[in-house]
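Undergrad: The structure that follows is given in the form of C-alpha cells.
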Amino acid sequence: MASHIVGYPRMGPKRELKFALESFWDGKSTAEDLQKVSADLRSSIWKQMSAAGTKFIPSNTFAHYDQVLDTTAMLGAVPPRYGYTGGEIGLDVYFSMARGNASVPAMEMTKWFDTNYHYIVPELGPEVNFSYASHKAVNEYKEAKALGVDTVPVLVGPVSYLLLSKAAKGVDKSFDLLSLLPKILPIYKEVITELKAAGATWIQLDEPVLVMDLEGHKLQAFTGAYAELESTLSGLNVLVETYFADIPAEAYKTLTSLKGVTAFGFDLVRGTKTLDLVKAGFPEGKYLFAGVVDGRNIWANDFAASLSTLQALEGIVGKDKLVVSTSCSLLHTAVDLINETKLDDEIKSWLAFAAQKVVEVNALAKALAGQKDEALFSANAAALASRRSSPRVTNEGVQKAAAALKGSDHRRATNVSARLDAQQKKLNLPILPTTTIGSFPQTVELRRVRREYKAKKVSEEDYVKAIKEEIKKVVDLQEELDIDVLVHGEPERNDMVEYFGEQLSGFAFTANGWVQSYGSRCVKPPVIYGDVSRPKAMTVFWSAMAQSMTSRPMKGMLTGPVTILNWSFVRNDQPRHETCYQIALAIKDEVEDLEKGGIGVIQIDEAALREGLPLRKSEHAFYLDWAVHSFRITNCGVQDSTQIHTHMCYSHFNDIIHSIIDMDADVITIENSRSDEKLLSVFREGVKYGAGIGPGVYDIHSPRIPSSEEIADRVNKMLAVLEQNILWVNPDCGLKTRKYTEVKPALKNMVDAAKLIRSQLASAK
C-alpha cells in the first residue's frame, strides 16, 4: 500500500509562520526565533503525515517565502543589486530578493500557473554566475531523518525553473533561457549527490510546465536535461511530478521516456484526459503516482469514484506500481478543518482541508490494498449523498433564472458612444475627469468599530453612526480636493469578496481557512456551496447615504461576478460558468437597485478576470466568452444615462484586449502604473477603443508620493495614444492600505496635474 503527498501548506494551522515572519521583519524577534517556529511546523507536518501512514512524505516543500526563490538561492542566482558575494545564502539576502530593502527593489512576483499563489520570478541572463549556495534541501532531509522520518526531497525541476524565469533587465528579450541548462545541471548534480549520501532513496522533481502548450525544442530540453542527469540519478528512485492540468500527448511521450526517471505523477482531478493517455500506454515497470485527491479545493473526496479510477489504473500499471497521491501540492488549500468551530456540521461534513486530505489519500491507499475502512467509506458516502440532496444547495428559482439566460448575449440597448453622450448630459464632467478606485484608508479605529459590531459589542445604531461619520469625512475630503466623481470610501467593508459573500445565499465562511497568496500574506476564500441569490439589497443603504451628502456624482461600488468566483472555493458539482451566471444575476439585481436609489455611476470591479484564464490556449475562448458574458449580464438592464465603470488589474492585459472591449463598460480604470509602456503599446498598435479609460497615474502599492509634474508627464504620455475626450485621471488601485498622510498629498497632486493639462489643452485650442 503506497501513498504520497505532493506538498503541504507552510503557514501553519493558525498562521504561525505569518506571525513569526512579520515579527522578524519588524525587528521584534531574532532569526533564531523564526527558525524555531519553522522547525516546529516542519516537524509537526512530517509527524502528522507519518502517523497517518503516508509512505512518501515530502521534504523541502516548506519555504520562508517561496519554493522558486528557494531554488534561486540553491543555484546562487542572486541578481547583482543585492550585493551577494558568495557563500551560503542567509535570510538577509533571501528576504531582500523577496521584499526589496531600503536601497533596492524586490524581484518581480507573478502568479504560479492559474492559482492565486505568487512566486518570485528568477532574473537570468548569460552573465549569471551560478554556484551551489543554499543547502536547504539536504538540511531538511537530514532534519526529518533525525526525527525518524524518511522523506522524499522535492526540488523544482531544472527545465521548469528556467521556463518560469525571465531575462534580467538589460538582457536581450530574445535570450534563450534554456541555454542556461548546462550551467545549472552541475549544481543539481551536486545537490542530488549530497541527498544520496545523506541516505535519500527517492527524490521528487516538479516539472509542472509539462502541462503547458510547449514547442518541440522545449520538450527536447527535457530529454537532454534528464539524459545529462541520468548517471547522477542512478541508484535513486526518481519521481517527475506534474500538476494543474492534463498533460498534452506529445509531452506525455517525452515525459514517459525520460532517462533515469522511475515514476510519473499526474493531476487526475484537473487532468482527466491524462487517464486516456495512460490507458493507451504506460512504460512497463515504472510507477504511476495518481493524483486523485484535489489539492486545490476544499471538498471531501468521492471515495467510491476515486477507488474505481485507481482500480482501473491498477489493471494497467500493476498493483505494486500504483501510488495514491494528491493532484498537486496542498499549499493551495486550507490547513485543518479541526479549527473550524463555527461552521455548521452539515457543511463541515462536505469539506476536507489539507490535514483531512492526508487522511483521505491514506484511506484510499489502504482500500486499494484490501484494508478498506468500512466506517470511513460509509461516512464519506453519506456526506456526499447529503450534499447532493440538501435543500440548502439547490434553489429552483435560481436554477430557472440561470437557465433562461441561454437565449441572449445581454448587451445594452445602444452603443458606447451614444451612451457616453447621454451620460455627459447628466453628469456634466470636465475633460480628463478625476476619480479614485473605491476604498480610502482604513484606520485602526475603523477596524475596531467593525470588529466590535461583529462581536455585538456595539449597537447597530452606534455602528451606523460611526460609519456615517467616516463616509462624511471621505466625501468632504474629496470635495476639498476637487475630485469630480466621488466614492464613499468603503469603511463598512472588510474585503471586496467576503463583504458580498456574507450577504448572498449559497456562501459559507471559515474562521481559519487561510491560504498563502505570497510571502506572509494569506487570503481566506469564501466557500460557494450552493445556488447563489441575493436576499436583499447589499450596498444601496450606504451608497444612497453618501450621495445625499454631495451634489457631485457618487459611484456605487460592487465586485463583479468573475472576481467573486475566482477568489472563492467554488462548488465542484456543476460547471464553474453556471455558478458565475448565478452570481451575475445577483449582482444585476443590486445594480438595478442602485440605479433606482439615485446612483448614476456604478463601478463593477473585475480585478480577477484575467486570473481565471485556463493554462491551455485551446480553452481560452470558451472561458473569456462566459466571463465577459457574466459581466454584461450585471448591467444590461440600466438606462443609457447610467455610467458603468469597471476596474481591472493590469496583468498581461494586451492578450485579452478584445475581450475587454467586448465587456462593453462605459469606463474602465486599470491598475497599470508599473507597466505603463506595455499597456499603452496596445493602443499604439492601433486597437480601436471608444469607451472611457483611466490607466492608473500613480502606484498606490508604494508609500512614495508622486509630484504633480510626474503625474502630468504620465498623463501626457497617455494623451499621445488616447483621445482626450475618453481619458480619465485616477490612482491605479484602492487606497485601503495607505495612510491619510500619503493619500492627501498624492490626490492633491493628481488633481493639480489634471487641471494643469486641461488649461494647456484649452489654450492650445
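Quick reminder: no glycine exception, Cβ is built from N, Cα and C everywhere.
As annotated in TrEMBL:
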| type | residues | note |
| --- | --- | --- |
| DOMAIN | 3-315 | domain 'Cobalamin-independent methionine synthase MetE N-terminal' |
| BINDING | Lys18, Asn116, Arg521, Cys522, Trp567 | 5-methyltetrahydropteroyltri-L-glutamate binding site |
| DOMAIN | 432-755 | domain 'Cobalamin-independent methionine synthase MetE C-terminal/archaeal' |
| BINDING | Ile437, Gly438, Ser439, Glu490, Asp605 | L-methionine binding site |
| BINDING | His647, Cys649, Glu671, Cys733 | Zn(2+) 1 binding site |
| BINDING | His658, Asp662 | Zn(2+) 2 binding site |
| ACT_SITE | His701 | active site, proton donor |
Undergrad: Nearest to the residue listed as 'active site, proton donor' by Cα, among Asn116, Gly438, Cys649 (binding-site residues)?
TA: Cys649
Undergrad: Rank aside, I only need the closest one: which of the binding-site residues Lys18, Ser439, Glu490, His658, Asp662 has its C-alpha nearest to that of Cys733 (Zn(2+) 1 binding site)?
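TA: The answer is Ser439.
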Undergrad: Go through Lys18, His647, His701, the listed recorded positions, and name the one with the sparsest Cβ surroundings, counting other Cβ atoms within 10 Å.
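TA: Lowest Cβ count within 10 Å among the recorded positions (Lys18, His647, His701) is His701.
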Undergrad: Given the L-methionine site residues Ile437, Gly438, Ser439, Glu490, Asp605, which other residues of that chain have a Cβ within 8 Å of the mean position of their Cβ atoms, reported in sequence order?
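TA: Going along the sequence, the neighbours come out as Thr436, Val487, Met496, Met557, Gln603, His647, Gly734, Lys736.
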Undergrad: Among all protein chains shown, how many Cβ atoms are found within 10 Å of the Cβ of Arg521 (5-methyltetrahydropteroyltri-L-glutamate binding site), not counting that one?
TA: 13
Undergrad: Let me check the 10 A CB neighbour count of Trp567 (5-methyltetrahydropteroyltri-L-glutamate binding site). How many other CB atoms are there?
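TA: Result for Trp567 (5-methyltetrahydropteroyltri-L-glutamate binding site): 22 other Cβ atoms within 10 Å.
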Undergrad: Let me know how many other Cβ atoms fall within 10 Å of the Cβ of Glu490 (L-methionine binding site).
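TA: Summing over all protein chains shown, Glu490 (L-methionine binding site) has 22 other Cβ atoms within 10 Å.
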Undergrad: Need one number for the 5-methyltetrahydropteroyltri-L-glutamate-binding residues Lys18, Asn116, Arg521, Cys522, Trp567: the maximum pairwise CA distance in Å, whole number please.
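TA: For the residues that bind 5-methyltetrahydropteroyltri-L-glutamate, the greatest Cα distance is 20 Å.
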Undergrad: If you skip the near sequence neighbours and keep only those at least six away, which residues in the chain come within under 8 angstroms of Ile437 (L-methionine binding site), Cβ to Cβ?
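TA: Ile437 (L-methionine binding site) has long-range Cβ partners Val487, His647, Thr669, Asn730, Pro731, Asp732, Cys733, Gly734, Leu735.
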Undergrad: Out of Lys18, Arg521, His658, Asp662, Glu671, the binding-site residues in the record, which is closest to Gly438 (L-methionine binding site) when you go by Cα distance?
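TA: So, spelling it out, the nearest of the binding-site residues is Glu671.
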